[in-house]
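For reference, the structure is listed below as structure tokens.
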Amino acid sequence: MGFPNLVTERETSSEESSSSEDEGENIVVDDSENEEEEEEEEEEAQEEVVETKKREKKPITISLKKVCKVCKKAGHQAGFQGATYIDCPMKPCFLCKMPGHTTMTCPHRVATEHGVLPASPRNARHSVNFVFERQLRPNVPAIKPAFVVPDHVDCGVIRYHSRRVTCLEFHPTNNNILLSGDKKGQLGVWDFIKVSEKTVYSSVHTCILNNMRFSSVNHGTIYAASSDGTISCTDIETGFSESLMDLNPNGWHGPSSWRMLYGLDINAEKGLVLVADNFGFLYMLDARTNGRTGGPILIHKKGTKVVGLHINPVQPELLLSCGNDHFARLWDIRRLEAGSSICDLAHRRVVNSAYFSPQTGSKILTTSQDNRLRVWDSIFGSLDSPSREIVHSHDFNRHLTAFRAEWDPKDPSESLVVIGRYISENYNGVALHPIDFIDISNGQLVAEVMDPNITTISPVNKLHPRDDVLASGSSRSLFIWRPKDESEHVEQKVEWKILTCGKSGNNSSRKGDSDDSDDGLLGLKGKKLKRRRIQIKSSQKDQRALVL
DNA sequence: ACGCCATGATTCC
DNA sequence: TGGAATCCCTGGCG
């Protein structure tokens, strides 16, 4: 039984060395209170742990010591040091999930060009390939236009949701209307130009509104899929709502039988509404009669959630689905039956979203819980492996809506993508979670957008189909961002119109207070942040330097 | 202001 | 296969 001893030795020695390193070169952590006597005690505790090994009960001594809250070992501590989060070194990197380093030293940090992992085998850019693509996309511009990144909280912040925002949708024709859904199933309609013009429909659904899509024939109505097991079709003017389908007509009989609806999309050509549930099934409804067409079809592993559906914008027969079985799948809806997928795109973890590119429909972008965005450059080429994987922090646990990378529908080169970031960064002493703009053709971080007033994570983001506007959902709040107009040298005219309703009033007033009281501090930080927010491409190292 | 709790969904064992 | 554990969350309560 030399093995446990060996383990003990290794662990203690590594800790000793790490703690001594911490004093010197490693800037990072460690309370200097870690005196020698304590270390001895820690070693004892360590041995105890190893001896008990089966972790029946924690030795009481542990609770007396400062111990890492993640791995319960002594000698280091995970957690915030000011606005900087220190990872537990015993765990794999929180960003890229590889062992041997932490987020601080991760080569993928801040999604620079290092963040791009070429797939193996790499999709070579043969000239044949290029011609092929050129044929498919005759209108592809020769030179990629400069991205316009909405970066400045402009006209409004709104808080009418009483629970976290789960999805956003811009009106297809009215430029100023934003729809939002929340965890409670409420549907918000907001005219963000007339900031105070807002409506909340609370009786559309009874729990999480997972996805919504405007009707292709009537721009005044929106379809929504909810965890209450129904699809709603709501008139956004009147709030009149019709339920198209109820998967739980007999009510609640426990979680094993309760059906929830997640993925939703519309096939305009055939007038179909497609939805998918938490058991792996797809349902199709006729948008004209609002009746079901055919029975449920198993499109993902039985019993797993299908979180996303997307109809190809150019070939409406093509359907892309994704879900908790770690796959995104491509389907021909004319021949749709269990196991008939055209292609299965494997991922290492749950796939939060899968989208065709918005204009040509020839690219695929997925967001997976393994902290990687995946890009397939052409659905007409080989789909065996993604053309690129981009490491980006967007895994999550509780309380957060799943992150989804969203295309910029205006970008003719179909390479600009927006996605919120999970891990925070220390920006002038404030831990903020930026919203990232990523060029998926090369994996570069085009811009990181943040505001010192927004300290919560923004997992829900959507770019406007026509204007340079970004809408974000962060916790219960909605934000509208626009590019800062450089010609106007207006003095910091950030008008924070925090509109609230319901019981969130407390918070908003608290927020207002802190804005006032922190005046100098926040204002200054805000200014500095805004000035340097956008660093287009060029050198990522410079950006890093600027940020720190 | 602080600490504690619940929460959800997934992964791990 | 079920049940335990779970790192940067959010909000509410005492």
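Backbone N, Cα and C define each Cβ position, glycine as well.
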A:505-524, A:525-544 - the one TrEMBL records as region 'Disordered': A:505-524
Intrachain neighbours beyond the repeat 'WD' (A:158-191), with Cβ under 8 angstroms and 6 or more residues off its ends: 197-202, 204-214, 219, 222, 224, 226-228, 234, 236, 399-401, 460-462, 464-467, 471-478, 480, 497-504, 507-508
Secondary structure content, the repeat 'WD' (A:158-191) (per DSSP, counts of residues): 0 helix, 19 strand, 15 coil
